[in-house]
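Novice: Right, I'll just put the structure down here and ask away after.
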Amino acid sequence: MTTARRRPKRRGTDARTALRNVPILADIDDEQLERLATTVERRHVPANQWLFHAGEPADSIYIVDSGRFVAVAPEGHVFAEMASGDSIGDLGVIAGAARSAGVRALRDGVVWRIAAETFTDMLEATPLLQSAMLRAMARMLRQSRPAKTARRPRVIGVVSNGDTAAAPMVDAIATSLDSHGRTAVIAPPVETTSAVQEYDELVEAFSETLDRAERSNDWVLVVADRGAGDLWRHYVSAQSDRLVVLVDQRYPPDAVDSLATQRPVHLITCLAEPDPSWWDRLAPVSHHPANSDGFGALARRIAGRSLGLVMAGGGARGLAHFGVYQELTEAGVVIDRFGGTSSGAIASAAFALGMDAGDAIAAAREFIAGSDPLGDYTIPISALTRGGRVDRLVQGFFGNTLIEHLPRGFFSVSADMITGDQIIHRRGSVSGAVRASISIPGLIPPVHNGEQLLVDGGLLNNLPANVMCADTDGEVICVDLRRTFVPSKGFGLLPPIVTPPGLLRRLLTGTDNALPPLQETLLRAFDLAASTANLRELPRVAAIIEPDVSKIGVLNFKQIDAALEAGRMAARAALQAQPDLVR
């Protein structure tokens, strides 16, 4: 819907209407309501401003006319939300106690303030008002529901910073959202908004329109198109739960509204390779190309329906990830976000590049078709291999692509040997992020990154489901490769057909028993050292897929067909058990 500027309503009418809609005042008669309306004070509360803090004297009751407010406990968590028609602070005034919590404006709001003295004087002078309020409060207690602690974004600002018209993009986003719920659009003519001289004029003119649209729709898109004016751009930023910023120039503008950095931001990239300074400036939670796939992925994020796929490390067993992805996508499962560790990072990056399953599998076959990627052995000073083959393979596969330019969400995990910290790669070179995540200590040399010395993330988090689940925009499918260890009986540096006799075995290993090669021992140690958190206890886990890869050697990349089939079978079983994964 499109709206134009509105003149504010007359104050007296507004006060009576606002008071009449308050539950605790529902039963008072018109004369009492009129008397109370003459004493109230109208106040504009800017976005992010505190109405009051915990511990302050309860000196007023506030009636929300427009906007949205949150109650914040002294510990800092939000435990309730208030919108148009709600009263704030009434119990504290009646009890004569200090504020038990703070209240902050989520967006620009208008409240009616009733001074505590005025309210208590009226209660004492009007016994009928006391009875009416007690009845209303009793009803409220009977009908009370637990406060919402988590809430999906509903007001989405769409901002054009350059020459690209926002209207076609908004239409595409709204169309994509239609399959998830009802969407309204507030996009006043730029001639109207650019002519406004005072910010309060916008608050007066559009707050009621925004409140009404929010009450009757699942989402409201508020649009600041090119030429709409700085005041309107600020108003859109202030009202929005999230912002969608259109990127149609290589570098961000010199001036970015301060509120844009205080809201979750999604970028719609209208050119192929915007400069990473956009990410420096706005720290977006996601970015999407300006095409049908990108608009669909953005809509799923807004609706909380964005599916993530997180994959574990496991050497050659990680080839099962490609079979899982093939089975899921061929069944119609749409995945927007990918993440993983070690071999899971390789698969995640391939899928985030936008490859379909067939192309990804073909690329995986090409990846392992040549010489053994771990075959460039050297004197083991920092590692058993030089790492040159791995470097060439990773660089040849992913090139100079930046994570910021991938069409789908991606992260990988490595570990910093200096600090012992988990490093989550969401920015920079895809090749660098993958190479760090697969740097098995002792087998592949670590990666220097500034003051960091990065090794395989499996040392700390072999299946980073907790990282993916921290994103609240949708559910997550986990691919877990942890299985009973079946060691091979080879000697690593020797071909499997060469089995040393007992005497030579004793000379090489000091034992008559057949032991697994060093590479397998290192990889298995990762499985044991990594977190054993119960995946089912994590929020937003939709499914756990567990391919049976126990018979696949962790370094036997020639078993790609067996690994692919194990992945397909496990994904097929998950789909049969949970058909709702297809959305």
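Cβ from N, Cα, C; glycine included.
Sharing the record's features from Swiss-Prot:
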type	residues	note
ACT_SITE	S342	active site, nucleophile
ACT_SITE	D456	active site, proton acceptor
BINDING	24-140	nucleoside 3',5'-cyclic phosphate binding site
DOMAIN	309-469	domain 'PNPLA'
MOTIF	313-318	motif 'GXGXXG'
MOTIF	340-344	motif 'GXSXG'
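So that I understand the layout, could you describe where these features sit and how close they are to other parts?
Specialist: For the recorded site, S342 (active site, nucleophile), the DSSP three-state label reads coil.
Annotation note: D456 (active site, proton acceptor) sits in a strand segment as assigned by DSSP.
Taking a C-beta cut-off of under 8 angstroms and a sequence separation of 6 or more, I114 (nucleoside 3',5'-cyclic phosphate binding site) has the following same-chain neighbours: L36, T39, V40, S60, I61, Y62, I63. In the three-state DSSP scheme, I114 (nucleoside 3',5'-cyclic phosphate binding site) is classed as strand.
Counting residue by residue with DSSP, the motif 'GXGXXG' (313-318) contains 4 helix, 0 strand, 2 coil.
Here the motif 'GXSXG' (340-344) has Cβ contacts under 8 Å with residues 310-319, 321, 412-413, 437-438, 440, 456-458, 461-464, 479, 526 of the same chain, all six or more residues outside its ends.
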Novice: Helix, strand or coil at R99 (nucleoside 3',5'-cyclic phosphate binding site), per DSSP?
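Specialist: Assignment for R99 (nucleoside 3',5'-cyclic phosphate binding site) reads coil.
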Novice: Any idea what the Cα distance is from R99 (nucleoside 3',5'-cyclic phosphate binding site) over to D456 (active site, proton acceptor), rounded to a whole Å?
Specialist: 50
Novice: Within 10 Å of the Cβ of D456 (active site, proton acceptor), how many other Cβ atoms can you find? Include all protein chains, please.
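Specialist: Its Cβ has 28 other Cβ atoms within 10 Å.
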Novice: In the structure shown, which of the recorded positions T39, S84, S342 has the fewest other Cβ atoms within 10 Å?
Specialist: T39
Novice: Inside 10 Å of the Cβ of R99 (nucleoside 3',5'-cyclic phosphate binding site), count up the other Cβ atoms and send me the figure.
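Specialist: Step by step: centre on the Cβ of R99 (nucleoside 3',5'-cyclic phosphate binding site), count other Cβ atoms within 10 Å, giving 20.
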